[in-house]
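Enquirer: This is the structure I want to talk about, given as structure tokens.
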Amino acid sequence: MESMFEDDISILTQEALGPSEVWLDGPGDPSLGGDMCSASHFALITAYGDIKERLGGLERENATLRRRLKVYEIKYPLITDFGEEHGFPLYEIKDGSLLEVEKVSLQQRLNQFQHELQKNKEQEEQLGEMIQAYEKLCVEKSDLETELGEMRALVETHLRQICGLEKQLQQQQGLRDAAFSSLSPPAVPATACPDLDLHYLALRGGPALGHAGWPGPTSVSVSELERRRLEEALEAAQGEARGAQLREEQLQAECERLQGELKQLQETRAQDLASNQSECGMAWVKRVGDDQVNLALAYTELTEELGRLRELSSLQGRILRTLLQEQARNAGQRHSPLSQRHSPAPACPSPSPPARPPPCAPCQSPAAQRRSPVPPCPSPQQRRSPASPSCPSPVPQRRSPVPPSCQSPSPQRRSPVPPSCPAPQPRPPPPPGERTLAERAYAKPPSHHAKAGFQGRRSYSELAEGAAYAAASPAWLQAEAATLPKPRAYGGELYGPGRPLSPRRAFEGIRLRFEKQPSEEEEWAMPASPPSPEASTIRCASFCAGFPIPESPAATAYAHAEHAQSWPSINLLMETVGSDIRSCPLCQLGFPVGYPDDALIKHIDSHLENSKI
């Protein structure tokens, strides 16, 4: 487009017009003035130049836009509605190649600039090093200048001393000259006796004449002496300077030696500190190892104590179950006539739910009995309803929800419908010298043994052995003082989430003191039956059956057992050591003397936790 408007300005000039053509508003036209023609011509030329410049700028912008559009079309080809790609002519490909060439050239220039930048960085580093070296040289130069100034000051002092000595020498020489001049006599005229005068002059004026006429030997000797004296002073000053240099060298050597000793001392000190730190680290490791060994020994001892406690608990549970089964058989034999009267048809259906499994055999292990949903020992509900499931009961107001496996051993709480069992065979009481294994296991320990166990051991199950209580009397076995303790699971496995609900589980949250109530005695009492001589022992066994029995060590690991460590609970427990009946000092709940101390302390801990003490 620039070529189109390149020479169009010639149409406004006179040369572009033909010889026969004349401007309408030219200067030769008499109808228009000269000033007006020139002004209009200049305005037209200016406007045409502006228009041409604008058109050139627009053309350049259009070319740039076309070039960019071509680049975009090459990068992102357009697809028509018919699915065909838009074809580009050959000049567009040429423009792309030109762009590639420009890109390569720009990349080369960029690499060149980067190379120059790297060179500039290296030069800057070299310049920095040179500046540092120059600074070091400047520092050394300043040091040398200071040393030179000191030497100059020293030389000036020596020169001043030499000048002073020379002045003193000149003064002394002047004084000597004055003394010699005062000693010489004035001139005397000639006399008749010239020989005497000559002789006198020879005798008295010899030195003066010699001093005045020519330099005598005295002046020469004085100058020699002064020179020698000055040389000696100069040599002495040089010797002092050499001595000062030697002392300086000696002091420098001493300083270097002291610096070496200081470095050696620092190294030895660092080595000593490192060795001390290593020794301290080894001592700390040894101390930690000893602590771990002591902790492992204490853990082992505590595990053994807990194992012995669980073995004792399982032994007591087996003894209690065997005792309860014996008492149940005896009670069933005593109540058999009444059950035969009230249940003539023994094959009638039982009112209890048929989905209950049969009771477990008495010879099962403690673990199996704990897992069984129907425990062989009677619960408090079974004591309230001792009717056997195999016989129909005409009084259905007190039915047991779970069919018990044995009759309740309490004679004061007998059901009006006893089971079909043979006649009771009363057993005579045992002699006082013979003691059952249950009485030995639940005998009350002496108070001093219990206190010694609390003070000397971390595990409070030391006195749970049955042999330690063999000499104690079962004074706590009283029917009026029987209570039901709060059952607690050992390790969370006694009543797991997968175990079925048992009568003992139903009575977990109920604290019940089984005392004689008038309504119950009127309802359940049977005046025809004589009181059993073994009432206290049976009541003790049924009462102890409500306590949780810890599992054996083989059943669960020690990690599930919680050890009581609360000292307030221990102090509260120590208050009940000397009493006849072990009871909780907070809720007055009675416990057997042989009940584990750890479980009792945990019971007190539950009160303290609930009250947030």
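Cβ coordinates come from backbone N, Cα and C, glycine included.
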Enquirer: Under Swiss-Prot, the annotation region 'Interaction with TBK1 and IKBKE' belongs to which of these stretches: 281-330, 481-530?
Expert: 281-330
Enquirer: Would you mind telling me which of 176-202, 554-580, 581-607 Swiss-Prot tags as zinc finger?
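Expert: Feature zinc finger in Swiss-Prot: residues 581-607.
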Enquirer: Determine the minimum-neighbour residue: among Cys584, Cys587, listed as binding-site residues, which Cβ has the fewest other Cβ atoms within 10 angstroms?
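Expert: Counting other Cβ atoms within 10 Å of each of the binding-site residues Cys584, Cys587 gives the minimum at Cys587.
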Enquirer: Radius 10 Å, atoms counted are CB only; among the binding-site residues His603, His607, which position scores highest?
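Expert: Most Cβ neighbours within 10 Å: His603.
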